[in-house]
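Asks: Copying in the features that TrEMBL gives for the protein in this structure:
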TRANSMEM  A:21-41  transmembrane segment
DOMAIN    A:35-94  domain 'MrpA C-terminal/MbhE'
TRANSMEM  A:80-99  transmembrane segment
DOMAIN    A:117-229  domain 'Na+/H+ antiporter MnhB subunit-related protein'
TRANSMEM  A:120-141  transmembrane segment
TRANSMEM  A:147-166  transmembrane segment
TRANSMEM  A:178-204  transmembrane segment
TRANSMEM  A:210-235  transmembrane segment
Amino acid sequence: MFNNMTLSDSAQQEGGLPSSVLFIVGLVVATVCLFLAMSLVEFQPTDQPLVTLVASNLEQSGVENPVTAVLLNFRSYDTLLEVAVLLIVALAVMPSGLQDAQQPFITVSKPRERSLVLEAFLRWLLPAIVVTSGYLLWTGASLPGGAFQAGALLAGAGILLLLAGHHSFNFNAPTARLLLVIGLAMFLLVGAGVILSSGIALAYPVAMSGILILVIEVAATLTIAAVLVLLFCALQIEPLGPQPNLGDKEKHL
Amino acid sequence: MTQALLYGVFGIALFGIGLFGVLAITHVVKKILAINICGVGVFMVFIANASSGATPDFVPHAMVLTGIVVAVAGTAMALSLVVRINALEKPEEDA
């Protein structure tokens, strides 16, 4: 089942699993799902203690949106660890040794192929995306939104910028490294700093919790956007941008 | 049959489709896709259950939001391993 894994395009040539095994696997999975569905139908949640708990403590959290309150105040350890996971993955997929740390984060150059539609569209779209991202970040305090949505939007802007071909990112540059770690660093700083006032890590003082959450969220947005763009860059087998010697190779891939 | 239950049952169906894919498909990239479908099914059951009460439970919402980001990161990690395996398996084309 996990012994003969393949990467080839046509799995039939490599020989998939025999149909008898497939049948048994299908049967087992179907049975499992059936039991899961039956237990879901029978499952009747009597009371939801967390709902009242969140609602009654919402005033102390510094934000009005309960999801943001849970993410960045009540269960901020989850979010802290999540930003740490993002940083670890970023370190794992980081292109190593290919680019010089002295080069700037963003380099502008002439693209190999120009897409006029994308370029013209981007001129309108990019400012709008950045503004929308800022709005989502700000509105996360009271309405659906927040660091993840804003970061994902910003990352989308970065990927579009990459696809247009005029810009290329160097994630070994000092600026990029700062962007990659600032979310976790700010989270840890604030989390450790509030020990001075409240004595417990990540337990924000009520009067300042709103601004502290905003600071963490701004930093987390930058980090999430940077990591997502890095993931996109790192997964390209052929790097985009001006690399003339790769022109022929891409065609037969 | 309430709407939440409907979403929950289809979440389980997605989970099953993904689980079957993880076990039955030999292609690595498709396996990763199947794991993702599996995860989406779990998220859906989780969210659907959270909204079954009078007011939705926000804790699962926040946890799923966290889970989505971690799932993206995990997928990217797996795919980068696949890219690396691919590069190691075909050294002659890299030259």
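Numbers here mean position along the shown chain, with the first residue as 1.
Yeah, the Cβs are placed from backbone N, Cα and C, and that goes for glycine too.
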Asks: For the transmembrane segment (A:80-99), which stretch among A:120-141, A:147-166, A:178-204 has the most Cβ pairs under 8 A?
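Replies: Highest pair count goes to A:178-204.
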Asks: Limited to the domain 'Na+/H+ antiporter MnhB subunit-related protein' (A:117-229), I'd like the whole-number average of pLDDT.
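Replies: Across the residues of the domain 'Na+/H+ antiporter MnhB subunit-related protein' (A:117-229) the model's pLDDT averages 89 on the 0 to 100 scale.
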Asks: Do at least three C-beta pairs under 8 angstroms join the transmembrane segment (A:147-166) to the transmembrane segment (A:178-204), pairs 6 or more apart in sequence?
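Replies: Contact absent: fewer than 3 Cβ pairs fall under 8 Å.
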Asks: Can you break down the domain 'MrpA C-terminal/MbhE' (A:35-94) into helix, strand and coil residue counts using DSSP?
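Replies: Helix, strand and coil residues of the domain 'MrpA C-terminal/MbhE' (A:35-94) number 48 helix, 0 strand, 12 coil.
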